[in-house]
Amino acid sequence: MAVSSVLVFNNLKPPSASLVPHSTLQFRSPSSLDRNLFPVRGGFVSSSISGMARVRAIVRDKGEGTEDHPLVGDSIDNIGDKQVLDSWSGLQERDFAGTPYVPVYVMLPLGVIDMNCELVDPEGLLDQLRILKSANVDGVMVDCWWGIVEAQTPQLYNWSGYRKLFQMVRDLGLKLQVVMSFHECGGNVGDDVHIPLPHWVREIGQSNPDIYFTDREERRNAECLTWGIDKEWVLKGRTAVEVYFDYMRSFRVEFDEFFVDGVISEIEVGLGPCGELRYPSYPAKHGWTYPGIGEFQSVSVQCYDKYLMKSLSKAAEIRGHSFWARGPDDAGSYNSKPHETGFFRDGGDYDSYYGRFFLNWYSQVLVDHGDRVLALANLAFEGTCIAAKLSGIHWWYKTASHAAELTAGFYNPANRNGYAPIAAMLKKHGVALNFTCVELRTLSQHEDFPEALADPEGLVWQVLNAAWDVSILVASENALPCYDREGYNKILENAKPRNDPDGRHLSAFTYLRLGPVLMEKHNFEEFERFGKQSRIFNSLQMQVPVDLRGMMEEVAV
């Protein structure tokens, strides 16, 4: 899938700010409180290294780590045995023996299949997959792009490149997580290719732009279709959810053998921008930069999205206040701060009678969209594990309004658990939750962007527990590229919570993403070490025989 829009902000210079954070202790993780320093030789070190100054940690004992491989490069010269490149390696780390087995998957490159639905560089990909196999990775994740498969003509599907890819993965004994990607690729962080929506859909959008989300400046966002046409016959005689269902059903029939053989272990259903269940409230292509609050989509004082505005008007009429059929007029713009707006400031209109009505409607439209699409996904993929992805919008989490979450459709101010209704909807359909940003530390965010009042650890704690409280599976992935031990240790901490009385843990972790940087020798050694700790489940952990591993590397040569 396209990388989650939890944006890369390491290369930005934070401006000054003077907000006072609000406590959200009822939802915050204990691990995010008062845990700043660890004693080390010569003084203390922070429990988190800032994203801008993060140093890779490498400890290499003789005979440990990945054997030499021609595709696993090494950008550090003269690395000797037991050399330590960073103080973190001197700290005692958690023993994961006896912890639950958490499968590890790796996302394939976004452009692994080209616009003609052909597999790109199959020989090079095969070599990389063999390396992953040698490191005991469980499988890979791949996007099946709507804009490639149903590109030119409605209900004419081309799966040829994906079939070749799936056969390659099956032959290596790996599993597949497949994403039904109904969104555009391009314009978000990590997007190195451009895959638009199908051509025939874009043709419809030229004559009926209301099929897209629209912002307050009346700019259309062609990243995905608006929820307003879920039940409108505007796509050449089909509704949006019918189009999604037909696509999923075609995939299920085309790849039946891979379902029967158990090669396809999970289907993740795209539900919005970046494949995530959220509104496109912070698009970089429209000028948003971190940590802006984003904008409400397709609703305004002016009516310019006829489908969603029709829904809002009906809700206001039922409530008995027809003049509430409008979006907030004081909610700022993409890059506003909460305290700069009348709606999101402390004591602002977000908590007024009108504000609560609007936010309830706005968030319910999001939940209803997920409900409709996932109901049809269950029909198409009966008997298969299905997942839905939520984005980790952690900035402004320490304020009362949680403005960035509100504009994205998550009604989660400090006095309300906005993720419980989403978890309940997923529970209704037996769908797993895939959540992002499990590698981020609150202290790092505070060091880099203190004015953002971010709390990724508190957010992760809240969302994971909202899902576990209704007994649904929870998987996760990193939001940003991760190559250092600190990030991996944070992932493990969330994957296998220490001293959880119920033994709850992630059902799987998917690493973002396969590429040349991961294949650098020191980076891959850290990844391999992380994978081993994720999969340790008892003192008699099964290992791939050394001779098999050597054979894999000989084949790669």
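Glycine too: its Cβ is placed from the backbone N, Cα and C atoms.
Nobody curates TrEMBL annotations by hand; they come from automatic prediction.
Here TrEMBL flags Asp143, His183, Asp191, Lys389, His394, Thr436, Asn478, Ala479, Arg513 as substrate binding site. The active site, proton donor annotation in TrEMBL covers Glu276. The feature active site, proton acceptor is assigned by TrEMBL to Glu477.
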(Q) Test of understanding: give the count of other CB atoms lying within 10 angstroms of the CB of His394 (substrate binding site). (A) 27
Q: Provide, as an integer number of angstrom, the distance between the C-alpha atoms of Asp143 (substrate binding site) and the residue listed as 'active site, proton donor'.
A: 13
Q: Using C-alpha atoms only, work out the spacing between Arg513 (substrate binding site) and Glu477 (active site, proton acceptor) and round it to an integer in Å.
A: 10
(Q) At a 10 Å cut-off from the C-beta of Glu276 (active site, proton donor), count the other C-beta atoms across all protein chains. (A) 27
**Q.** Rounded inter-Cα distance in Å - the residue listed as 'active site, proton acceptor', His394 (substrate binding site)
**A.** 15
Q: Fill in the CA-CA distance, Asn478 (substrate binding site) to Glu276 (active site, proton donor), as an integer in Å.
A: 14
Q | Other C-beta atoms that fall within 10 angstroms of the C-beta of Asn478 (substrate binding site) | A | 25
Q: In whole Å, note down how far the CA of the residue listed as 'active site, proton donor' lies from the CA of His394 (substrate binding site).
A: 15
